[in-house]
Structures are given as C-alpha cells and as structure tokens.
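Contents: one structure, followed by commentary.
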Amino acid sequence: MSGHKQVVTVLGATGSIGCSTLDVIARHPELFEVFALTGVSQVERLAAQCAQFLPRFVVVLDDSTAVDLRARLSTLSPRTEVLVGVQALCDVSSAVEVDTVMAAIVGAAGLLPVMAAARAGKRILLANKEALVMAGALMTQAVREHHAQLVPIDSEHNAIYQCLPINGQGEVDNRAVASITLTASGGPFLHMALKDLGAITPEQACAHPRWQMGRKISVDSATMMNKGLEVIEAHWLFGVPAEQINVVIHPQSIVHSLVNYVDGSSLAQLGHADMRVPIAHALAWPERVSSGVATLNLATQGELNFYPPDFDKFKCLDLAFAALRVGGAAPIVLNAANECAVAAFLDGQMAYLDIAKTNEQALTALSLSAPTSLDDVVAIDKETREWVKSHVLV
Ligand code: NAD
Ligand code: MG
C-alpha cells in the first residue's frame, strides 16, 4: 500500500458491521485513518468510538442526539465535529479527503449516502445490500461513470469477488462464468415445518445459529429474504442473469459461495463465519491484512453439508427471483414491503408468516413504472411503504 493512509468513512458505525469494521481498522493504525463515523441512537457507543478513532466528523440524525453527543465529545474528542441529517451523511461519504466508504447502514436509509459516494468516485465497501437492490442499474452506472469501485462485504459476494478475475480498477471479468452458487445457512428455522412457523417470535427469529447480526438482517435470514436480496445483489455486482444464479443450503457457513466456470471448474472461498474476514479483504484490497480471525482447520472442522432450498417454505426467496426477472420497480417494491413488514414483526404488530404474505401482496398490487432516476427510486420506495401502511398494517 502507498505511503498515504487510507481515509475511511464508516456509515452505520454503531451496528454489527460497523463495529467489526472498526475492530479491523484498530488492528492497522498505520494503514487506515477514520474520517467520519455515523449512527442513530447509540450515543454512548458512538462517543466511545470517537474517543478511540478521533474522526473529523460524526453524523447523527436528530438534534437532541447531537446535543447529547457534543456534550460527551467535549472531553472525549473535542476536535470531532457533530453533524446532523441525511445531507451530512452524503457529505461525509463524498468529501474529497475520503478514499473509502464502508456502507453499513441497514436498509433503504443507506441509499442516498451510497449514491453520493459512487458519484464522488469512492471505493465503496458495500454491506448495505438494500441500496443496490433498489438502485442496481443507477448505482452500477454511477460507479462506472465516476470511476468508483464496489467491493462487496456480504460474505457470499465477497467470496465470489475473490474467485473472479479482477482488473486494476476492481472490475470483475465474468466472461467464462457459467453460473454462481450462493450458499445459505438456512437460518434458525431450517428444520422446522412450515405449519410450525406461525407462532415464531422476534427473539426466536433473531437467534441466528451462525452469525451475530443486526435484527433486520437476522429476520431476513430466517425468512431467507436475505438470500433473495443477495440474489439480486449478485446480479448487479457480477452481471449474471437470474437463470445463472442458484442457491444451496450449507448450514455450517464455511463455504461462502462459488463461481462455476464454463470448463467445469468451481472456485470457492472458505473461512470461519466472522464478518471481519470479508471486511479485512475489502479494506486492504488488493493486498491482504490480518483480520483477527483464525484460519480454518478442515481436519477438525467436521462435516460440511449441502442441499437444495425449499422454495415453498422460503417463499421470500422465490419472490426475490421473481422480482429480479420482472426488473424495473419490482425489486424496490419487494425491498420496501419487506422492510415495513420486518419492522412491524419486530414491533409485535405482524405475525412471522405475514412477512412473506405482505411482500407477495405488494408485488402483486403495485405495478409501478421502472425508475429512470434516483428520485424515481425514492418515490417507488415511499409509495410501497404507504401501500403497506394503508392495506396491511390497519
Ligand atoms: P445493524 O442494525 O447492526 O446496524 C445498522 C447501522 O445502521 C447502525 O449503525 C444504525 O445506527 C444505522 N442506521 C439504522 N437506521 C438508519 C437510518 N435510518 N439512517 C442512518 N443510519 C441508520 O445492522 P448490520 O447487521 O450491521 O447490517 C448493516 C448492513 O449490512 C445491512 O444492510 C445488512 O444487510 C448488511 N450485512 C450485515 C451482515 C452482518 O453480519 N451483520 C452481513 C452481511 C450484510
Ligand atoms: Mg450474506
């Protein structure tokens, strides 16, 4: 790496991916420097992160949180400036000083800052899959036009990125790819019958057997909507059509996905189920740095199993393939309906199985025209949320 330290903004610093990112950064103070951190409500954690990394800026979403944070930082990190609001998220993602943006906000809320980073030509470490699901065409176009780079953080996509030829600009070459296989743990309900899923509680849904994650993605993993979003994500990241993307259940989460080439070779990336592995890969790319995670010992690892997913039980996975095939507004509708349904489920206002039902109803009811601008994407997202509020959450 060059003499200059890589200057990083961490969007969603207080979350699961944000904290793992700072864990890796803290291991390499000679390589990385934090420009900005962002969060919403965990003021104490955010203040502690500022005290450790001394960023130039920290961004929150409302004034009362900002007042609280400023008071704490007056002693902990007096030179860190507290900014407020979505425009500030975009500003710290596009600032000239910044090389790299870790996009680790959850959900559609991450879209505008990620697009700002793309338009400013940044290296984007993309955990926020929802942003790419919503604006795949616009985002990949912006990345190309502004010479930005998308490095996937999602463990499956990072695995695929590691198994594809990549040029000096970080662009993948998919010419010899026959198909892509995304592995899926199957979540906490892999072995439960569909008829027994009716009474699932948020606590059960968030208890993932392999990964420690935020609550929204944990529910998405349980319904396999997460894998569905990842299928759409893979389409945009690697330029492969829906027909060439398949999903295999692999409960141990050791093989993180495969690229199948036309000559019959399949390349896979393996590692422990710890997000610091893909995060360290993406931060250091094209070099390698230590992540704090041990290497695998296959001799003691035990069995690795693989089987096909049950599309009837995991309806959301089926819906995502359908939305990808339809294209246009469909993935935005699916994502927005799912975000509303998952929030309602976590709030105790919706039954577990109604998440998939809501997503399907929204896709059927709303046939909106394909977006041609970021404003269109935001409008489709908004319209879907209003539809769910008025038709489902009544
Ligand atoms: P999390 O809930 O732990 O953290 C979310 C972060 O986003 C927090 O810092 C929160 O303050 C911030 N945030 C929430 N709402 C916001 C809003 N409206 N505006 C601005 N910021 C907001 O979530 P996570 O598990 O870290 O996941 C983050 C993203 O990474 C998601 O898109 C998820 O799908 C993806 N991802 C996570 C994992 C994982 O292991 N956790 C793995 C792969 C992909
Ligand atoms: Mg994943």
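Glycine too: its Cβ is placed from the backbone N, Cα and C atoms.
Around ILE17 (NADPH binding site), the same-chain residues six or more apart in sequence whose CB sits under 8 Å from its CB are MET102, ALA104, ALA127, ILE153, GLY214, MET275, ILE279, listed in sequence order. Sequence annotations record features per position, and here TrEMBL assigns NADPH binding site to THR14, GLY15, SER16, ILE17, ASN128, GLU130, GLY214.
Shown in sequence order, LEU182, THR183, GLU230, ALA234, HIS256, SER257 are the residues of the chain, 6+ apart in sequence, with a C-beta less than 8 angstroms from the C-beta of GLU156 (1-deoxy-D-xylulose 5-phosphate binding site). Feature annotation from TrEMBL assigns 1-deoxy-D-xylulose 5-phosphate binding site to LYS129, SER155, GLU156, SER185, HIS208, SER221, ASN226, LYS227, GLU230.
What TrEMBL lists as Mn(2+) binding site is ASP154, GLU156, GLU230. The number of other CB atoms found within 10 A of the CB of ASP154 (Mn(2+) binding site), across every protein chain shown, is 27.
Summarising the annotation, TrEMBL assigns domain '1-deoxy-D-xylulose 5-phosphate reductoisomerase N-terminal' to 8-136.
Feature annotation from TrEMBL assigns domain '1-deoxy-D-xylulose 5-phosphate reductoisomerase C-terminal' to 150-238.
According to TrEMBL, the domain 'DXP reductoisomerase C-terminal' annotation covers 270-386. Across the domain 'DXP reductoisomerase C-terminal' (270-386), the prediction's mean pLDDT works out to 97.
Reported as a whole number, the C-alpha separation between ASN226 (1-deoxy-D-xylulose 5-phosphate binding site) and GLY15 (NADPH binding site) equals 17 Å. Neighbours of the Mn(2+) site: apart from ASP154, GLU156, GLU230, residues of the same chain with C-beta atoms within 8 angstroms of the site's C-beta centroid are LYS129, PRO152, SER155, HIS157, ASN158, LEU182, ASN226, LYS227, GLU233, ALA234, SER257. For SER16 (NADPH binding site) paired with ASP154 (Mn(2+) binding site), the C-alpha to C-alpha distance reads 13 Å.
Less than 6 Å separates the Cβ from ligand 1 in the case of none of the binding-site residues GLU156, HIS208, ASN226, GLU230. When the Cα atoms are compared, THR14 (NADPH binding site) and HIS208 (1-deoxy-D-xylulose 5-phosphate binding site) turn out to be 20 Å apart. Checked against ligand 2, the binding-site residues THR14, LYS129, ASP154, GLU156, HIS208, GLY214 give ASP154, GLU156 as the ones with a Cβ under 6 Å from it, listed in sequence order. Note: the CA-CA distance between GLU130 (NADPH binding site) and ASP154 (Mn(2+) binding site) rounds to 11 Å.
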